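Engineer: Have a look at this one.
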Amino acid sequence: MSSLSTDTAAPVSEKAPSPGLAQRFAPALMAGPATLLFAALVLTPLLLTFLLSFNEYEHATGRTHGFTLSHYAEVLTDGYYLEIFLRTFRVAALATAICAVIGVPEALILSRMRNPWRSVFLLVVLAPLLVSVVVRAFGWSMLLGPDGVVNMILQAVGIGRTRLLYSEGTVVVALVHIMLPFMVIPVWTSLQKLDPAVEQAALSFGASRSTTMLRVIAPQILPGILSGSLIVFGLSASAFAIPGLLGGRRLKMVATVVYDQYLGELNWPLGAAIAVILLVANLIVMLTYHHVVDGHYRKRMG
Amino acid sequence: MSFLTLRNVTKRYGSFEAVGNVTLSVEKGEFVSLLGPSGCGKTTTLQMIAGFVDVTSGTIELDGRDITRTKPNSRGLGIVFQSYALFPHMTVFDNVSFGLEMKRVPKSERAALVEEALALVHLDKHAGRYPRELSGGQRQRVALARAIVIRPPVLLLDEPLSNLDAKLREAMQFELRDIQRKVGTTTIMVTHDQAEAFSISDRVVVMESGRITQIDQPYRIYEHPETEFISRFVGKTNMLPGTVSAVGDGRATVSLAGMPADVPADGLSMGETVVLCIRPEKLRLTPAGQGRLQGRVTDRFFLGSQWLYHLDGPLGPLMAVATNDGEAPLDPGAPVGVDWPAAVVRVHRGAMPAAPELESLE
């Protein structure tokens, strides 16, 4: 019990020397590479695309440098494009919802595992990211093709050969497969932050497992589900490889239409206009969603 | 017939025995503390009563009903967690109301019960707040209100005050006891803080390496520790090694480095090695030349109401506590006599523990 031995007060330190030049510019220097990369690879092409979308286009002469809003007018009034936009967002929304339905329980199970299994299964969850999207898309087309494994099974059970490829369903399934890790990881991260005693508390007050999940756990991992949904939706809505390879020529989504305009029709300004509209529409959907869900959460959790 | 009974409750993790043969009877309305250093199995015992940890063997009975294998959500116990474990997304009111809702108490009755519980912990004005807007002490009260509002047969407190600062902890101790008396709920508290356990419990259960070593009233544990471990763990103590030099009718004489000390015989035999334990506040300082021992003050510490002296004498270092009577204290280096009434000496058999652990978790 030496608590009463008086501590000699630590000498008051001299006034801290003013930070050197390097220190003062350190934040700017550190942010520099990222800023440069972002400006060169994201902002510049975006700006060029934006400017391009106002250029005039003639079939005979190609792109001219005049200013027109006709491409925007065309996309926004033509039912053909409207249908493609609706399909794109429908597919993205569906993929997001299915990812949430599969990914949230997956993350829950993962968070309850103990090592080494937890590490093993985390790797399994992340494994799809290690394989190229194109390779995985071809994997799906082999699986679902006319002579694929699934059709062989369908024939064997007597349902008969079914056309599985080039349908919206196939695109959704493949997107879910690719996007799932982007849902699991943020949900898992928010589960890591939960106090395990909170769940025990709910149980001790007589709550069933399902009530505990719905009333106590789910509200707390909402931010994780929110960020997972935003990532999955954004990536799905602008996905190109999967709809391109599994949607075929007829089932078009926005990204594949942009590609067609650029490389098929050679109408770059129209392609650019579609791309800009996709970006804006995507932003509106995501910001609205974020505002609704996050506002609801922030009100409670601060 | 006691209200809550643990019979030979054991918990093993593989070959490691976390809790061994714990047998404990708690009466209705009693406040019992499980006291021990970290890793002694007290929290595991509480978790087994709560149902979060499976019992390896033994039985737990509540009000005559075997609840050993009952799921935690059908035991109906009120638990205050060390981390409070409040529902962060619910208001104080909803936190407290949650248990009632789960018990299907009609909504019309709920509000009154919640308000009553919040009034009991002086939080009735904060019902609309979220846990993050409350201080540590207030969160602790919400956790308590949430646990007592369901009128549980047993209230379990897991280190309920350990996250509070010293002053608040002391205030909450008395308040906790006050509330427990008002509500009359049988309470089991886990703590590593002996002052906390002593000040508010009816009985204290001392645990050591997964086993109960003593169950007694706080006063008895302090004055009559059954093992040398307890006398060191609970408060401070002077330990004097000696040998039994004479056994008479009911009394025995222990030789402390040649100096005789009179102790109760209590089954001691000639030549046996013993340790005499004397609490520092039981030592009386006398003018030099008087008393049983002669020594010298080596250091002194001012504790406000008391002086703590470190002394050096023929039996090695001693600690003595003297009331601060307003007179000038003894200076370091001053010669001093030490005396004690024969009745305050506790005898423990066996040799001195090698090195007294300073980890007397206070």
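Every residue gets a Cβ built from N, Cα and C, even glycine.
Automatic prediction, not curation, is the source of TrEMBL annotations.
So TrEMBL says this about it:
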type	residues	note
DOMAIN	A:85-289	domain 'ABC transmembrane type-1'
TRANSMEM	A:34-54	transmembrane segment
TRANSMEM	A:89-108	transmembrane segment
TRANSMEM	A:120-144	transmembrane segment
TRANSMEM	A:164-185	transmembrane segment
TRANSMEM	A:221-246	transmembrane segment
TRANSMEM	A:266-292	transmembrane segment
Engineer: Counting only residues 6 or more past its boundaries, what in the same chain has a CB within less than 8 Å of a CB in the transmembrane segment (A:266-292)?
Structural biologist: 46, 49-50, 52-57, 62-63, 68, 71-72, 74-76, 81, 85, 88-89, 226, 229-230, 233-234, 237-238, 254-255, 257-260
Engineer: Out of A:34-54, A:120-144, A:164-185, which stretch has the largest tally of CB pairs under 8 angstroms to the transmembrane segment (A:89-108)?
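Structural biologist: Selected stretch: A:164-185, with the most Cβ pairs under 8 Å.
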Engineer: Could you pull out which residues elsewhere in the chain have a CB under 8 Å from any CB of the transmembrane segment (A:34-54), counting only those six or more residues past its ends?
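Structural biologist: Long-range Cβ neighbours of the transmembrane segment (A:34-54): 63, 67-69, 71-72, 268-269, 272-273, 275-276, 279.
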